[in-house]
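What follows is a short report on a single structure.
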């Protein structure tokens, strides 16, 4: 199989591991910087060039598209899809996952539970919007933030109103959620490949913080996801159309709640914490996708 990995940095752990796993299973692999891919779109067909040369015959594309290049990266991926390449995470599915509000709407439509979420635009509606959310603490999230960035905890209603006013003054898109205190700064990252959770780890926020993301200083240990948690993770991935993703859950008094779905989950933290060869599981999965 001729496999392309869309990644801006060939030295990243996740990219290197996917290359190693693919080559170990006999596949031809090439790393492509999405920003060096450019395309021709016409009624007579689609074509892709990379650094001055045409890209043809690609069977499978594994996207490792960072949030900062979501629009261009998904356009490149879509072009490969239109040229007949397969992918575990289609361009439209990635776009769904990167828009937190849209993702939550799609999950809720499938009956998947999450922290209560509110969204509004007009400053005149702020007081009523917060009443729909319930008493503080509140969590404010930028709609397209990643790795724990753009997430704020407010302890008082006045602070929530102040943050809302400030973000609206910056024309930022954001949503607000209830704070789940019983989680105590911990969440569960379930790594979904195909129809199953292949590894899971508990991430714990550092002292004085509530964000458990590893990029925000959180720590991780292997953790067993319950059957219910695994089912929620797989259902969430399917709701967005993803077959390789990280689903972040919190354990609450009313059961597992979905926080976020990451369509480009890192491999380093989960492989180190769990001792699972996640990269090979991904390659085995895309082999099945390629079969007629």
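For all residues, glycine too, the Cβ spot is worked out from N, Cα and C.
Among the features that Swiss-Prot reports, domain 'ATP-grasp' is placed at 104-287.
Around the Cβ of residue 187 (ATP binding site), a 10 Å sphere holds 23 further Cβ atoms from the protein chains shown. The annotation ATP binding site is assigned in Swiss-Prot to 141, 178, 179, 187, 211, 212, 213.
For 248, 260, the entry in Swiss-Prot reads Mn(2+) 1 binding site. Residues within less than 8 Å, Cβ to Cβ, of residue 260 (Mn(2+) 1 binding site) and separated from it by at least 6 positions along the same chain comprise 100, 103, 247, 248. DSSP assigns residue 260 (Mn(2+) 1 binding site) to a strand.
Annotation comment: Swiss-Prot describes 248, 260 as Mg(2+) 1 binding site. Residue 248 (Mn(2+) 1 binding site) falls within a strand when secondary structure is assigned with DSSP.
Residues or ranges marked as Mn(2+) 2 binding site in Swiss-Prot: 260, 262.
Look at Swiss-Prot and you will find 260, 262 tagged as Mg(2+) 2 binding site, backed by sequence analysis.
Residue 187 (ATP binding site) sits 14 Å from residue 262 (Mn(2+) 2 binding site), counting Cα to Cα. Of the candidate binding-site residues, 141, 178, 179, the one lying closest to residue 262 (Mn(2+) 2 binding site) when CA atoms are compared is 141.
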